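So the structure is just underneath, and the comments pick up after that.
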Amino acid sequence: MDNVRRLLILYGSQTGCAQEVAERIWRESKWLHYSGPVIAIDDYPVEKLIFEKKIIFVCSTTGQGDQPDNMKTTWKFLLRKNLPSNSLTNVEFAVLGLGDSSYVKFNHVAKKLYRRLIQLGGKPLCDIGLADDQHDIGAFAVIDPWIDNLWNVLTEKHPLTNGLMPLDRNSLPPPKWNVQCLSSNIPIHVNDKLPNNDLLKPNSTIVTCLSNTRTTAENHFQDVRLLKFEYSENSINYSPGDVLMVRPVNSETSVNTFFQLLNDNKNMKLNPTTILNVTQCSDDMPLPYNLSKQFTLYQCAKYYWDLNIIPNRYTFQLLSYFTDNELEKEKLMEFTTPEGQEELYNYCNRPRRTILEVLADFPHATANLSVEYLFEIFSPIRPRAFSIASAPSVHINEIHLLVAVVSYKTKLLAKRIGLCSTWLASLNIGDKIPVWIQKGTFQFPYSQSCNVIMIGPGTGVAPFRSFVYEAVTNKCGNAKTLHLYFGARNRLGDFHCVNDWEKLVADKKLSLFTAFSRDQDHKIYVQHILEQNEEELFKLLSNKECYVFVAGNAKDMPTAVKNVFINILTKNKHLNTIDMMETKGFYQTETWS
C-alpha cells in the first residue's frame, strides 16, 4: 500500500455516535484517494502506532470525564510515564471530540488525548474539534466544519501526485457496504416484540416487565412511568449509580410509513419480506456483528434503523446526489452550505423533523435511493441509558426505571415523540426486552461518617432512590446524613415515588426537602430551598466527608444549584471550592438534554 495515501481512522465510541462520524470521515477520505482502516481504538494494535504517518481520532467522553469502553486499553498504554517523548515523532494526527458542555469535564477525553499525543512527539494536522450536544444544531455544528477543514489541510499538506486528481467533492461517496436483495415469502410477525434475530445487541440479558405504572396524575401534562423488570438470578449485577442500557424498536406506524415511502422507488423493488445480505466493500470497513447474518427488510426497519432520528447536514448532502428534480437539488444543496445553516436549523432542528418526514418532503430523492445508501441515510438505533431506580439489596432480582415519556408539539402537525420512552411506556406485563448494565456517572459513598446531599428534581431522583435504599439497608445512612432535595410542579401531580420517601422519612432514615414550583403564586425551585437551608448545608459541607450529587435536566437547574453552593462556600470563607470538590469526586453531576 502507498503509505503516503494511508489514513488510519480510530474511534472511541460508547453509544455509536463517534463510530458513525469516523465512518463518514473514512468514506469522504476516498475523495482524496486515501485508504486505511476505520476501527475502534482498542481493536488497533497500539504498538504499531509509531509506524503510522497520519491518524484521525474521533472520541466521545462519558460520565465524569471517562473514556469509552472501546479505548480503555489503549488509553492506559498512552498514559504510561515511561513512553519516550519522541514515540510519535513521525505521526501527524487530528482529534475530534464529541461531548456535552452540561458536564463539568466537557470533552475531557479528547482534550487529554490531544495533549498526550503532542507530549509523545505527534504533530497536529489541525486544531482539536470539540463538538457539543448542547448546541442548537447539536454536535454537527462543530463536526461538519471540522471535517471540511481537515480535507482542506490534508490537500494543502499532502497534495496528490503522479497525475492523481481529487474526486469531485460533490460526487456521491462510495457506500459503506454491499447489499444484496433476495426475494422471500417469510411471514412477518408484527406483534413479535422480541424477534429471534441478530439486529439486537449481542450478549444482552432478557428481562421481563413486571409492572408499568404511571407516577403522575392523569390530568398532569406529563406521563412518567415507574417500570419494574424481573431478571433471572445472577444474570445481572448492578450497583446504585449504574445505568440500564435499552435499545428501543420502532413503532408499527413508523415502519408502515417507511414502506409507503419506498413504494414509488424506481431502483428498489422491495417489500417487508425482502431478505438483505450485507457484505463488506472493503477490509478497511468491518461489518458489525448485527449485520453479519441475513435479515428481512422489515426486521431492519423495525429493529435496526432509527426511523425517528433528526437528520444532520450530511444526510441532506447525500440526498442531493439522488434527486433528479432541480428545485429539490437546489434546496438540498443550500442546506449543506455554511450560509444555509440557519435555514436548515429552522427546517429541521427547531421543529424536530424526523428522517421519515424529510424523505416525504423530498420525494424525487427518495424515489431514486438505492438500497446500499439506506444504510447511509438511516442511522442505527442507538441504545438509551436510564438511571436505575432500584436497590439490589432491597428489590431482589428486579430493576426499576423512572421514565418520562417524551411527547410535545412543534409547528409540525404530528406530535414529536421520544422513540425509547414511548416504546417503554407501551410495554405490557410479561413483555420481554433485551438490556445490559453500564457503569453510570455517579460513584456513591457507603460510610456512616459521611454526609450526602442529593438534588434530584423530576426523574433526576431515580438514582437517589437506588442509593438511599441501598445505604439504609447496609446501615450507612439515616436522616442526619442523607438529605434529598426533590423538585416538581405539583405535590399532587408529579411527586414521583412519594410513598417511598414518606416511609423513609417516617422511619428517620432520610431528610426530605421539596420544591413544588406551581403550588403557589410564585415559582419555587430546588435552588430556592437550598438557599433557605444555607446554614444547615454549610454545617454538612464542613464535614471532611460531604458529597453533593446533582441529577436532572441540563438546561438551567445544574448551573443554578451550583451557584448556590459556590455562594455558601464563598460567603462562609470555606477552604474548599466547588472546583476542588469536583476534582476529588465530592461534587458530582449527571445531566441530560
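Keep in mind that glycine also has a Cβ here, set from the backbone N, Cα and C atoms.
Counting Cβ atoms from all protein chains shown, Ser102 (FMN binding site) has 20 others lying within 10 Å of its own Cβ. Residues annotated as FMN binding site in TrEMBL: 60-63, 98-107, Asp133.
Counting every protein chain shown, 15 other Cβ atoms lie within 10 Å of the Cβ of Arg352 (FAD binding site). The FAD binding site annotation in TrEMBL covers Arg352, Arg384, Ala385, Phe386, Ser387, Gly418, Leu419, Cys420, Ser421, Trp592.
A 10 Å cutoff on Cβ-Cβ distances gives Tyr525 (NADP(+) binding site) a total of 17 other Cβ atoms nearby, all chains included. Per TrEMBL, the feature NADP(+) binding site maps to Thr459, Ser517, Arg518, Lys523, Ile524, Tyr525, Val526, Gln527.
The domain 'Flavodoxin-like' feature in TrEMBL is assigned to 7-151.
Summarising the annotation, TrEMBL assigns domain 'FAD-binding FR-type' to 202-445.
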Work through the binding-site residues one by one (Arg518, Lys523, Ile524, Tyr525) and name whichever has its CA nearest to the CA of Asp133 (FMN binding site). Tyr525
Those residues of the chain, 6+ apart, with a Cβ under 8 Å from that of Ala385 (FAD binding site): Thr15, Val243, Leu244, Met245, Val246, Gln438, Gly440
Integer Å distance between the CA atoms belonging to Thr459 (NADP(+) binding site) and Leu419 (FAD binding site): 18
Where among the binding-site residues Ser387, Gln527 do you find the Cβ with the fewest other Cβ atoms within 10 Å? Gln527
Counting across all protein chains shown, how many other Cβ atoms sit within 10 Å of the Cβ of Arg518 (NADP(+) binding site)? 13
Counting only other Cβ atoms and using a 10 Å cut-off, which of the binding-site residues Thr62, Ser421, Thr459, Ser517 scores lowest? Ser517
Cα of Arg352 (FAD binding site) to Cα of Ser517 (NADP(+) binding site): how many Å, rounded? 28
Do you know offhand how many angstrom separate Leu98 (FMN binding site) and Arg518 (NADP(+) binding site) by C-alpha? 37
